[in-house]
Amino acid sequence: MTPGSGLQAGLKNRHLTMIAIGGVIGAGLFVGSSSGIATAGPGILLSYALVGTLVVLVMRMLGEMSAANPTSGSFSAHADRALGRWAGFSIGWLYWFFWGVVLAVEATAGAKILEGWVPSVPQWGWALIVMTVLTATNLVSVGSYGEFEFWFAGIKVVAIGAFIVIGLLAVFGVLPGVHADKASFGNLTSHGGFLPHGPGAILTGVLLVVFSFMGSEIATLAAGESEDPRRAVTKSTNSIIWRIGVFYLGSILIVVALLPWDDASIAKDGSYVAALNSLGIAHAGEIMNVIVLTSVLSCLNSGLYTASRMAFSLGERGDAPKAFARVNARGVPMTAILASVVFGFVAVFFNYLSPDKIFLFLVNSSGAVALFVWLVICFSQLRMRKIIERESPDKLVVRMWLYPYLTWATAAMIVGVLVYMLFDTEHDGRETVLLSLLVAAVVLVIALVKERLAARRAPAAAEAPADKVSIG
């Protein structure tokens, strides 16, 4: 539990374990991987490996800071102390904005699936139902959120694990009753080679897959409400390598081994559905819809939790209305949760009112926030390491490798991705970066103005007691 925050230590170790695992398995892995395969061919594995390495390094830095100081504000609170109040304010509100938009995107995605099953209920009705149910879950207690996420994440883990095992058996020709004629690791180099579109396609693939990794940091926020925050953060940080290796690289490897990368069914049906169909598994589309819906619900559940805890932390630090920092008798920040879900509902409304203008602006203007967050984590860790070593060296139970050189290298990689996006017109990369920078600039100006006003009030507040004494 975050000391003095009023939040309760309602998350058990098993909850944190599954939150950490589930955090790296988003719906984007199942839905968006087909476009990456079409762009880079089997070389998409290198794209996932590059982004995975980036995430491992960033999470190592965040783990170092969060293990030393577990807090519900996570990287925003660390930036507040390491870089200044303006940094904590800016990245905290940008992150809250990002998850508010994600709530709308995921609610809409889930509603489309549910409408396909029960067309008598309109899509907006399903979006309302899904968001209302998960809001109620978060309002009950943090333990309720943890329990739902435990099972959501469990379903995703079992699904991917089963997919990898079945796929391997098919590739090696030992799966009973299945004739996967196209399955072979030879698919990695045939059909134009491992890089059919050249090395440049690897970087384009990076742009397509990087945002599917957002959510890896959720475990560090949730650790503040766990039984043993420091142990939870340490365990989550140390296990992220195998989580990314198995769930991302492992499952994508199976997809491109089961089918040639240029098989028409990958683009038509989606990579995982196409792979399952190639094995002759009946109702592959319906099975994948269930898994995607589970991922969507998991993302909604965690997104609402994450947005509310960031709002709570901002309220605690005076960077948001004080009401956001209030908790009820169960330690639940109800105002922060309701404010977050209201923003999500408004975004859903705009999706139906103006999907090609207002909602598209919201999506694009929040698209690069993940990279901004990672960049701030890098710069915060550069400063926080020195602070921790000076004040509490015994709390450095997790250490960033090759500090500070690897931290600087990671920051350079993130900047490189952002710069590359500026030249990407085919996949809206330029528009995403420019709009995200615009929103970030607005938030930053507000932060600097707020800081300037606070500095002006400080001398007056300091002089007030002295004046009062002299008058008395």
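Cβ atoms here come from the backbone N, Cα and C positions, even for glycine.
Record features (TrEMBL):
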type	residues	note
DOMAIN	15-457	domain 'Amino acid permease/ SLC12A'
TRANSMEM	16-38	transmembrane segment
TRANSMEM	44-62	transmembrane segment
TRANSMEM	83-104	transmembrane segment
TRANSMEM	124-145	transmembrane segment
TRANSMEM	157-178	transmembrane segment
TRANSMEM	198-219	transmembrane segment
TRANSMEM	240-261	transmembrane segment
TRANSMEM	281-300	transmembrane segment
TRANSMEM	332-352	transmembrane segment
TRANSMEM	358-379	transmembrane segment
TRANSMEM	400-421	transmembrane segment
TRANSMEM	433-449	transmembrane segment
Going along the chain, which residues at least six beyond the ends of the transmembrane segment (358-379) come within the CB cut-off of under 8 Å? 54, 58, 61-62, 65, 75, 78-79, 82-83, 87, 91, 94-95, 97-98, 101-102, 104-105, 210-211, 213-214, 217, 347, 350-351, 407-408, 410-411, 414-415, 417-418, 421, 428, 431-433, 435-440
At a threshold of under 8 Å on Cβ distances, which of 124-145, 157-178, 240-261, 281-300, 433-449 pairs most often with the transmembrane segment (83-104)? 433-449
Are there 3 or more C-beta pairs under 8 Å linking the transmembrane segment (433-449) with the transmembrane segment (198-219), counting only pairs at least 6 apart in sequence? no
Should anything in the same chain at least six residues away from the transmembrane segment (433-449) have a Cβ under 8 Å from its Cβ atoms, list it; otherwise answer none. 85-87, 89-90, 93-94, 97, 361, 364-369, 372, 418, 421-422
To the transmembrane segment (124-145), which of 16-38, 44-62, 240-261, 281-300, 400-421 is linked by the most Cβ pairs under 8 Å? 281-300
Restricting to the same chain and to residues at least six past its boundaries, which positions have a Cβ under 8 Å from a Cβ of the transmembrane segment (332-352)? 7, 96-97, 99-101, 103-104, 107-108, 124, 127-128, 131, 135, 138-142, 304, 307-309, 311-312, 315, 321, 323-326, 358-359, 362
When only pairs 6 or more apart in sequence are counted, do the transmembrane segment (281-300) and the transmembrane segment (16-38) reach 3 or more Cβ pairs under 8 Å? yes
Can you see whether the transmembrane segment (16-38) and the transmembrane segment (240-261) are touching - at least 3 CB pairs under 8 angstroms, only pairs 6 or more apart in sequence? yes
Can you work out which residues elsewhere in the same chain, 6+ from the ends of the transmembrane segment (400-421), have a Cβ less than 8 Å from its Cβ atoms? 54, 57-58, 60-61, 64, 203, 206-207, 210, 368, 371, 374-375, 378-379, 381-382, 385, 429-430, 432-433
Sequence-distant contacts of the transmembrane segment (44-62), meaning Cβ under 8 Å and at least 6 residues beyond its ends, amount to 24, 33, 36-37, 74-75, 78, 202-203, 205-206, 208-210, 213, 216-217, 220, 236-237, 240-241, 244-245, 248-249, 252-253, 256, 261, 374, 377-378, 380-381, 398, 400-401, 406-407, 410, 413-414
